[in-house]
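S.K.: Under the heading transit peptide, Swiss-Prot lists 1-39, citing similarity to another entry as support. Per Swiss-Prot, the feature N6-acetyllysine maps to 149, 155, 162, 201, 217, 221, 231. Under the heading N6-succinyllysine, Swiss-Prot lists 201, 221, 231.
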């Protein structure tokens with residue numbers, strides 16, 4: 001068969017060459033090989049010890065870390081360098097009378113050692129702050145477990161909450177931790193779940209009345225939901241205030257983390 005010659009203009013021939021055979025401009029090379037990295041939200045996670053009855057609820061802290069990781073956040077973990085209110089033997093649910101522990105040292109267990117004194121946390125260096133629950137929030141970060149509506153909040157915790165709120169940076173809280181925002185941020189909207197026990201499904205339903213007594217607005221939400229106070233940029237979810245399957249709690253925390261990250265704008 002006779003060969004067929006196809007006449008192609010030099011300009012068209014250049015266009016038909018594979019990319020690897022053509023000269024590229026700097027901007028073309030950049031567009032092909034890379035893209036501008038998306039800024040990562042810097043999130044401070046504030047712990048209150050290690051263990052549901054006298055510190056941080058470990059499952060909540062872990063769920064928060066998983067969802068922050070999935071959301072691409074850069075996480076820094078903090079805790080106050082103060083003694084725990086007391087130590088609970090978690091096999092019995094009773095105080096260990098002769099034992100004392102430090103909140104920062106205990107929180108380091110969850111942080112795998114990568115933790116900083118809360119006194120060094122600055123809102124200027126972070127885009128958001130998140131507080132897991134566990135009774136440590138009501139015993140070590142505040143005196144809510146003992147004093148209810150007349151409670152005091154740890155001075156560093158109060159400072160951090162006021163700094164982030166004043167800078168209009170989002171704050172996430174779950175389980176019992178929303179009482180901290182209720183005490184510090186006037187008129188804030190939070191949820192601790194439902195307001196009736198409903199046959200034991202919501203064993204801490206009475207906390208809703210305490211939230212109201214602190215001057216906050218309580219918003220009823222299910223365990224898989226998060227409430228967003230758009231004005232104050234405070235996001236809350238019930239977590240273990242509800243007796244339910246772990247994956248429901250995990251989903252609710254995911255909703256909270258997602259909203260917090262959205263509010264950072266990153």
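Cβ atoms here come from the backbone N, Cα and C positions, even for glycine.
Show me how these features fit into the shown structure, please.
M.R.: There are 15 other CB atoms within 10 A of the CB of residue 149 (N6-acetyllysine), with all protein chains counted. DSSP assigns residue 149 (N6-acetyllysine) to a helical segment in the three-state reduction.
Long-range neighbours of residue 155 (N6-acetyllysine) (same chain, six or more residues apart, CB within less than 8 Å of its CB): none.
Same-chain residues at least 6 positions away in sequence with a Cβ under 8 Å from that of residue 162 (N6-acetyllysine) are, in sequence order, 184, 185.
Under DSSP, residue 201 (N6-acetyllysine) is assigned to coil, being neither helix nor strand in the three-state scheme.
Spatially close to residue 201 (N6-acetyllysine) yet at least six residues away along the chain are 194, 242, 243, 244, judged by Cβ distances under 8 angstroms.
The Cβ of residue 217 (N6-acetyllysine) lies under 8 Å from the Cβ of 187, 188, 189, 190, each of which sits 6+ residues away along the same chain. In the three-state DSSP scheme, residue 217 (N6-acetyllysine) falls into the strand class.
Note on residue 221 (N6-succinyllysine): other Cβ atoms within 10 Å of its Cβ, all shown chains, come to 21.
In the three-state DSSP scheme, residue 231 (N6-acetyllysine) is classed as coil. In sequence order, 189 are the residues of the chain that are 6 or more apart from residue 231 (N6-acetyllysine) and have a CB within less than 8 Å of its CB.
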S.K.: C-alpha of residue 149 (N6-acetyllysine) to C-alpha of residue 221 (N6-succinyllysine): distance in Å?
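M.R.: Here the two Cα atoms lie 22 Å apart.
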S.K.: Would you identify the secondary structure of residue 155 (N6-acetyllysine) according to DSSP, in three states?
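M.R.: Going by the DSSP assignment, residue 155 (N6-acetyllysine) falls within a helical segment, counted as helix.
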